[in-house]
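**Student:** My questions all concern the structure below.
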Amino acid sequence: MDIRESLTEQFVEYGVDVGAAILDKCAEICLQHGVDAEKFVESWMAFSISNGNQEISLEVLAQMERKEFARSKSKDMPTPKGPSRQGARSSNVTVYNTSSEPVREDSILSAYSTPKTIFSAPGLVNAFVQRNRVEKINAELHTPESYAKKRTTAGRSPHMDFSPASFSPSVSTPSSNYSTRTNAGQVVADLGSLPSGASWKSQGPIPDLRVGSYTGHGQAPLSAEARYMYERLTTKACVLNDVVEWLGKEICQKHGLGEPDHLKLHSENFVGVGRICCDANGKLNSSSVLLEAARGHPSYGVTVPLNLSSVSQYAIFPGQVIAVEGTNPTAERLLATKVFSDAPLPLPSEPLKLSVATGPLHVVIASGPFTQSDNMKYQPLEDLVMYVQENQPHVLILSGPFLDCMHPQILDNGLLAVSFSDYFDKIVDNIMRPLAGCHTEVVLIPSSRDVQHQPVYPTPPYVLRKSHPRLHLLPDPALLDVNGIIFGITATDILMHIGREEVCNPPQGPDRLGRLASHLINQRCMYPLYPPPEELSIDVEMWDDHTHLPVTPHVLVLPSDFSRFLKTVQGSLIVNPGRLAKGSAGGTFVRMCIKPVVDESKSLVKSTCAQVVRI
């Protein structure tokens, strides 16, 4: 096989695109120094990583030749006193700064369970070096023949690769399950209909389009420099207590219940306010419900059991603030007859800055994970970017995780040759570079499941090493203002979290998904569940400052592992776009078309057409 063909295959294996001039230079170096294509590309990858992940160019190749191959050629000359090193290969990758004593190193390594620690270059994981050495002893690692071939998926651009160069073929092997799908573009749910003569492709940019955080409530959004997990127990208790007090009063005022009584007051006409709790460290059920009062007047923080057997309809979960009517015959157990938990806020009153002349507003929404569970190629995200290039919506909203901490190849961190932060920067570059000529504004919402980001909720916005025009980095949760249209967005699966803990009567009530979403509006909070599940770390002070809703958003974006849906709840459009990647298969995203016509209730439901589409 020609040296240029071999070099091309090796570079494709590592996800590196090279031009003709660079390929000629690589072939020249290989012929001049007697290096085969595989060893050359391995040496380039290690050299690039050790020098800050430099991009391949003629200048950098010349620098590599001077520093590495000229030096190695003089070192590899055979001498009378020692065996030649030309026939030996230290490992499947070139490793710098290693020991100069190769004799018996592999046999010593195989005799011990703890490997020798070797730092080859910044970003190269020691576990990978260990694995390569063990594999050299036992069996040679073979790359599948099909892997070196170029992808031939119809409609996919081979030069656009979301996966950075990696030392593991399994990371960048395309998913056959995804590439052979036949349902791409299928609409699985819809709401409303497109305006007459309109299409899903925007008519052009909207003049003076304003995209940013909603500031109508006067609260600054969560910043990337926020300090978390410094809260004191006393401060935490005060925050939770204050929520019971102010939200309990709002519920009583809405339903005309008057002043609440002490939870242990003997009364036949009783009104109480408190937070739902469980009487044990387990799942809430109808027999384990406690009502915890605020520490101030009139109940002074007491907790009493709550009997719901006489309530015909309710839906409760831990952390929910409620008001109850009933009796308290023994002053030790409340017998409720009615439960009130709703105090929704009105929709935003600010006028929308949309006009008939500019046409409808087009929005595309997708949620992570963005790659299948069997590779790190990000094929669904690549296809979504191609869709955005073609249709040019005005706003693209992407919520994490981008690098899911639960991804099998993230858990096996020895598979990657770059740091998680560098990997994420590469992903963002490959989103923004193709959209450079579009008018689309891109909004990124982080997730506490992002392995390269802060594992806390609320989650600060992403931090990138490179800035991009038309890119907006918001926290989780976020209130996004697009010309007066307010989007409430979270990357955290609050619907699933509440669904696991909710107790309702009747047990099989209608429209469960709509009811779960209504809890956020009724409790005026993007995450009203407390305590949270073990996998979510909440900073209560940040939660108090950045999760309460100042208004009911026009659109609530709640990505969930529940089935994707589009629903209307109390004038707000609830959107679950699903996941862009589900296991080894493709998932779904949402496209919206919002007409510049709003009814007197300020709701956008009658002016909006939305569809859930398979990627």
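Our numbering is plain: 1 for the first residue shown, then up by one each step along the chain.
The backbone N, Cα and C atoms fix where each Cβ goes, glycine too.
Small disclaimer: the values here were computed from a predicted structure and weren't measured.
Residues or ranges marked as domain 'DNA polymerase alpha subunit B N-terminal' by TrEMBL: 5-71. Residues annotated as compositional bias 'Basic and acidic residues' in TrEMBL: 69-78. What TrEMBL lists as region 'Disordered' is 69-99, 145-181. Look at TrEMBL and you will find 87-99 tagged as compositional bias 'Polar residues'. Annotation comment: TrEMBL describes 163-179 as compositional bias 'Low complexity'. Per TrEMBL, domain 'DNA polymerase alpha subunit B OB' is recorded for 239-340. The domain 'DNA polymerase alpha/delta/epsilon subunit B' feature in TrEMBL is assigned to 363-566.
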**Student:** According to DSSP, how is the domain 'DNA polymerase alpha subunit B N-terminal' (5-71) divided among helix, strand and coil residues?
**Tutor:** 51 helix, 0 strand, 16 coil
**Student:** Can you count helix, strand and coil residues in the domain 'DNA polymerase alpha subunit B OB' (239-340) using DSSP?
**Tutor:** 17 helix, 39 strand, 46 coil
**Student:** So what's the mean pLDDT when you look at the domain 'DNA polymerase alpha subunit B N-terminal' (5-71)?
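**Tutor:** The predicted confidence over the domain 'DNA polymerase alpha subunit B N-terminal' (5-71), as a mean pLDDT, is 82.
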